[in-house]
Structure formats: structure tokens, C-alpha cells
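Pulled from TrEMBL:
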| type | residues | note |
| --- | --- | --- |
| DOMAIN | 279-445 | domain 'Helicase ATP-binding' |
| BINDING | 507, 510, 547, 550 | Zn(2+) 1 binding site |
| BINDING | 516, 519, 534, 537 | Zn(2+) 2 binding site |
| DOMAIN | 539-694 | domain 'Helicase C-terminal' |
Ligand code: ADP
Ligand code: ZN
Ligand code: ZN
């Protein structure tokens, strides 16, 4: 008897361990670690992951596995192990770690198919399963005792597994004509069909001569040069059938990618790449920080390093921040590596994501370019991991497991003995501090590719503008510069920091602000629907004509959305053609790319947008970048607000003058003297780093201290307060005197979806007891968490303190 050790899908403390199940005879030799199965658990049937096989078990009464979910392992041995690491380092349950590694499609409903890859080698007794088509449902083999043989045939690439994911978003089907008559029946039919129905004869002859059983309708029509009515006639006679067949959805298939050749590296690039190449060559895990100003040619270095990896027959993982936002980056990789590249990002439909994942799983591609979760790409021979724009906060997952892609990259890099490259013009303080200490190797690229060097940056004090009577959101300076670009036929980019700019509604007489009844946050005005919406829970209501509190008519929208900027812009510069990019104009699939394409084709003079235009854009004709207000980000309650402001301003400025034409940047601000604004304007990362490090040290923040955030939520305020109080006092008993515990306090957003939120933050340097203490907390409240819907979130190394 063989047993399978299974992690069951019950995310709870008590079940976070392996359970042993019997493998029924029919599945002996078929079930492997990394497959999902259905097992009896108490009275229920639930899902689980097989993590190991064994000959004996210490469990007295074992029960058999009831069913299979996967037909081949979906997690590699390495990923199974990595889940343990995630569990220990983010305090999640193993099952949550597994789930995080899979594309969403595999968690949804799908059908399992077995497809014939090589019909010639198919054993004769299996032929009847595939006589009418090259695929058959996995369930058709139930009771046949063929499972072990099927596994063997899958391993030998004679059969293959296909999960058909139902995907409304991007379901792509083609019409296929299937023959449903035998040869004799065909000959018989030919006799009965009128000789004048030439096309029908032609069709029958085709099936008789080629022996084909199914063919795409389009192809058939083209090949025989006949119309659809002949097919229809034969369908009526039950000779042919017309069916929908699902196809690979390749979102990039329709596009041509001109092949690009590696460029001759500059000496600066050469210096940066050579240590990476030697790590690849010597199969050595090393961390590199590629600290390169915007436009210094980092991407070219990435691609050549990837090329070296491919030449060694290995694979590459390239993470880019939310890639749908940077189609240019995808294009560059696609044109260099062609069909070797899989692309994974949130803009894809569930089925599309699965298709891309499957290409990796089947080793059809060697490179994955993707957002955060692509770090779990099931490659087995990784030769390099690159994280571009490593400072991006989207690399941190805000749900369980609360991991940072950078940490996973290092862990996988250690396993595969390969280099990990963290690239940025503005590395996080954590990363740069590690580079300074020699934990990572620092590779500096301080020169831009273009001869123009860094753009000149001018800071405009908006308070001054107001004093001199300019109430517009455009300073005179910026307006004049925009005007000049229009005259010269050059392009400009205008950047609006969304945060703090969302348009809330306030009464000018009594100060009343319309808030969400379920969350302690103001509602945002949406012009298109003329509604007020909550961005946290989706609540919406009608716009009031007058103040609900004092009945005043002075009830207006505050803040400036991109729409308002656009309106003012067209008033001030009527001849300017403006493209606006924000959540409203880009919510439709592919619209983001279309807008960028239009701008690239010079169909507009000004690109106006939010954060989403800050990154990765590279347009030669852009010579002016304007930041409408630099300081909205400075005012958020987060110790990283200066760092984020500096990063953003640097990124945005980097969009100007990347090519032949020199660039200019105008930053409008209400706090021109703030060091993050000042130092960004002089492109002084090192100056910023030093200044900010001093502040972090004196305020005991990372990278000098670690942080842990415990958030408690519940529908009753008294409940969250008491629980958070108890947790805080328990923790202070467990930790050393050096640890600082802040709290309990209300979270910055005190209520979301009718649940109150309280938190405590722990700052510490070395606390060997902390993890255990936090685990104990979760364990202690486990039963309440189930019954009373109390929720306790633990985030080690939080990025959002909200
Ligand atoms: P980064 O990723 O650092 O912002 P890019 O890789 O986008 O910089 O490079 C900026 C520009 O310089 C791009 O247009 C790129 O094609 C070009 N470039 C990069 N390396 C070279 C090179 N060795 N020779 C010529 N042009 C280069
Ligand atoms: Zn009022
Ligand atoms: Zn709400």
C-alpha cells in the first residue's frame, strides 16, 4: 500500500499539517507530489495537495483518496518546499501559499481533457477513446484501470493533459466541421445527392480522400472554394457536424514583433553586465542592485543577461510592475525573444493567464515577463531572476500570504544558484542599504544613453502663484512651456498624482463631507455616471443638490480629477489635442495600449494621466513633463511618504528628453522646500538616501528596524478595541525591552465595509520570539475568528500602514 501525505484545503491552525491517505490501487503510480486530490475530511469531501508519498504510515485508520483534481503535478518539488518557506516567513498557512502559486483559472471550474500528441505511438487498445477526435475527457477512463499507462504516455509525450478553462472574458472559439459518418455511409450518401449539388460532392470527396475527421470550417471553405450552404446541407443529413472548438488565446498573437538584435553595449553597460554574466557562468547565487538612472539602458542589459541564460539552456523570470501598464516593455522582450516569452499580467483574462502559465508549465517558453505572481513561474531550471523597478510597492502582496516578490526571488535564486538582479533608478532604502553593506553587489549606471543627459527640472511654488492672483491649476511657467511645445510640434506629458486628488464633495458653508456609510472615507464623484462612489466597498449614491447637513447650495466637488484638468487645459490651450489616461478611460481591455499607440503616432500633443503614465514610457518626441502637484503624496500618513514622493518625481522626470531632443521638467508644488522635492529636482538619489536614512534611524523605522503590523477587524468597535488591547499586552510580555509596540490605535482608515479596524505596530531589531508569539495570537483567537467573524491580519514587513 502506498500513502499520500496531503495538505488539506482548510486554512486553519489545526489543519496546517500533513494528513495521510491511502492511494487506491487504480491510481498507484499515477498520483505524484504536486497534484491536487479530493479527500474525505470528517463528513466532507475537500481538496488537498499531495506533498509526498510513503510506504508506511503511523496513522491507524487511513481513508482512501476519493478523486483526482489534476492529472499531472501542477507544483514542482521546489515550489512545494517554497511554500514551507512562505509559511514560516509570512506566517500564513501552507495551503494559502500553494494557492498563491497557482493561476486563478486552476482554482475555478474546468474540464480535464486528455489529448493525443502522437497518434502513431498510441497503444491500440486506447484508440477507441480517440477515434472520433484527438481528445477525450479524463473521466472516460474511470474504471478502465488505465491510469498508470496514461501517466506513462503523458511522460513519454504521446498523450498530454489539457484543462479547459471556461473563460467568459476572452473565450475564443473557432467553428470546426466534424465528420459523423463512416466511409460507407459517405459513399452511400454520394449516390443519393443530386449531381447538380457539386459543392456537396466536393465536400464528401474531400473527407473520403483525406480520411480527415475534423477540420476548421474556415480552412475547409478556403481549400474547397465552396460556400457554407453545402456544409449546411450535409449537416442536415447528419453526415457532418458543426461544433465550437476552444483555441489557445494568445493576446499577442495578432501582433507582429519586428525582430530586434542585441545592441553593442556601452562601456557602462559592459561593466554592469559582466559580474552578472560570471554569476550565470559559475552558477552562483548573488544579489545585484542595478542602480541606473532612467534611460541608462538597464533594459538592454537585462535582455542580454537573459540571452546568456537561454544560451545555457536555462530559463529567466523578469518581473515588471503591473505590466499591462508598460506594453512597451513587453514589446521589447517579445521582439528580442519572440515566442520564447510568456507574458503574465492582470490585464489578461483568467483563461489567457492560464494559457500563458501552461506554456511555462509545458516548457514551451523560456522567459516569463510578468507582474508579482510571475515570481512563482513553474520553471525548473531558472538561470536569472530580474526585478525591474524594484522599488514598486506592487511587488508586495497585501493579502495572505503577505509576501514580497523580492524575498521570493532571493529564495528561488538560492535554490537555483542563479543571480537575482534588482533594477531601479530609485532603489528602496532597504535594498540600497543592503548594497552599501555588501550584501548585494552594487552596479551603477549614472549616464543616460542619449547625449542630452538628465532633463533640467524647475520647481514652481504654487503658493506664490496664488499670491499673484493665478487661481488656475497651471502655473504661468508651465502654461508658457506647453505653448512653446505646441508651436514647435513637440509632445508633452502632464502628470496628476491621483491620491489626494480624488474629487470628494464638501459643503463650503459648514464643511460637511459626504462619506461612505460603511467605511470611514469620503465618497468620490464620478462624472460619467453622475454618482458618488466608495472606492473601498463599491457603495454608491446620487449626488445631492444641497448640503444634507445645512441645506446650503454651496455644495461642491473638491479636488481635481483628470477630467477637470482636461477641461481647463482645453480652455487654456484650445488648439491642443489631449489624450487623457486614467481609470475611466483605460478600464476597457486594450484601451490603455491604444491610447499610448495614438500618442506614439503623434495623434496628440499632450498626454495627461495619473500614476499609470509614470513608468516605462519612452517617446522620442516628449520634451516637456509637467507634474501638477508634487506634494499630495507627502501628506499621507506613512513613513515612506518622502521616499515615495522622491521615487515618483524621479520616475516622472525620467519621461522627458530620452532621445535626441533635450527635455525639461516642471514640478508644481506647495512645499518646494521639502527635501524629497528638492533632491528629486537635482536627480540626487544619493543625497536623498543619506538624508532619509538619518531620519529613519532617528525615528526607528526600516531599514534600521523591522516592522510588524497586526490589524484586528470586527463589526463591533468594543470587540476590536479589547482584542487589540489584549494582543498588545500579550506581545509586550513576550518581547524584549528593545521592541517598541505602538498601539493599540485605530487604523488610519478606521472602518471598511462596516468593520472597525484597530492595529498595533511592532518595531524591532532582533526578536527571536516574535514569530512564535504572533502564531500564538492567531491560534488563541482561531475559534473566535471562525465563529464571530473576528479577523486578525499579520503583516511582517508591511508596505501599507492603512
Ligand atoms: P532604462 O531601462 O535604464 O530606462 P533603456 O533600456 O530603456 O533604459 O534605454 C534607453 C534607450 O537607450 C532605449 O531607447 C534603448 O533602446 C537605448 N539603448 C540602450 N542600450 C543601448 C546601446 N547599447 N546602444 C544604443 N542604444 C541603446
Ligand atoms: Zn453644509
Ligand atoms: Zn465604503
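Just so you know, glycine gets a Cβ as well, placed from its N, Cα and C.
On a predicted model such as this, the values are computed, not experimentally measured, just so you know.
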**Complete:** Within 8 Å of the Cβ centroid of 516, 519, 534, 537, the other same-chain residues by Cβ around the recorded Zn(2+) 2 site are 517, 518, 521, 523, 535, 536, 538, 539, 752, 753
**Asked** Taking the binding-site residues 510, 537, 547, 550, which residues show a Cβ-atom distance to ligand 2 below 6 Å?
**Response** 510, 547, 550
**Prompt:** In the same chain, which residues outside the set 507, 510, 547, 550 have their CB within 8 A of the centroid of the CB atoms that define the Zn(2+) 1 site?
**Reply:** 508, 509, 511, 512, 548, 549, 551, 552, 554, 555
**Item:** residue 547 (Zn(2+) 1 binding site) versus binding-site residues 516, 519, 534, 537 - nearest by Cα
**Value:** 516
**Request:** Give me the non-local Cβ neighbours of residue 516 (Zn(2+) 2 binding site): same chain, 6+ apart in sequence, Cβ-Cβ under 8 Å, ordered along the sequence.
**Result:** 522, 523, 534, 536, 537, 539
**Reported mean pLDDT - the domain 'Helicase ATP-binding' (279-445)** = 91
**Prompt:** What's the CA to CA span in angstrom from residue 507 (Zn(2+) 1 binding site) over to residue 519 (Zn(2+) 2 binding site)?
**Reply:** 20
**Prompt:** At the Cα level, what's the spacing in Å between residue 519 (Zn(2+) 2 binding site) and residue 550 (Zn(2+) 1 binding site), rounded?
**Reply:** 22
**Fill in**
Those binding-site residues among 507, 510, 534, 537 lining ligand 3, judged by a Cβ under 6 Å from any of its atoms, are 534, 537
**Prompt:** Who sits close to residue 510 (Zn(2+) 1 binding site): which same-chain residues at least 6 apart have their Cβ under 8 Å from its Cβ?
**Reply:** 547, 549, 550, 552
**Complete:** One residue among the binding-site residues 507, 519, 537 has the fewest other C-beta atoms within 10 A of its C-beta, namely 537
**Three-state secondary structure, residue 519 (Zn(2+) 2 binding site) (per DSSP)** = coil
**Message:** According to DSSP, does residue 507 (Zn(2+) 1 binding site) sit in a helix, a strand, or coil?
**Reply:** strand
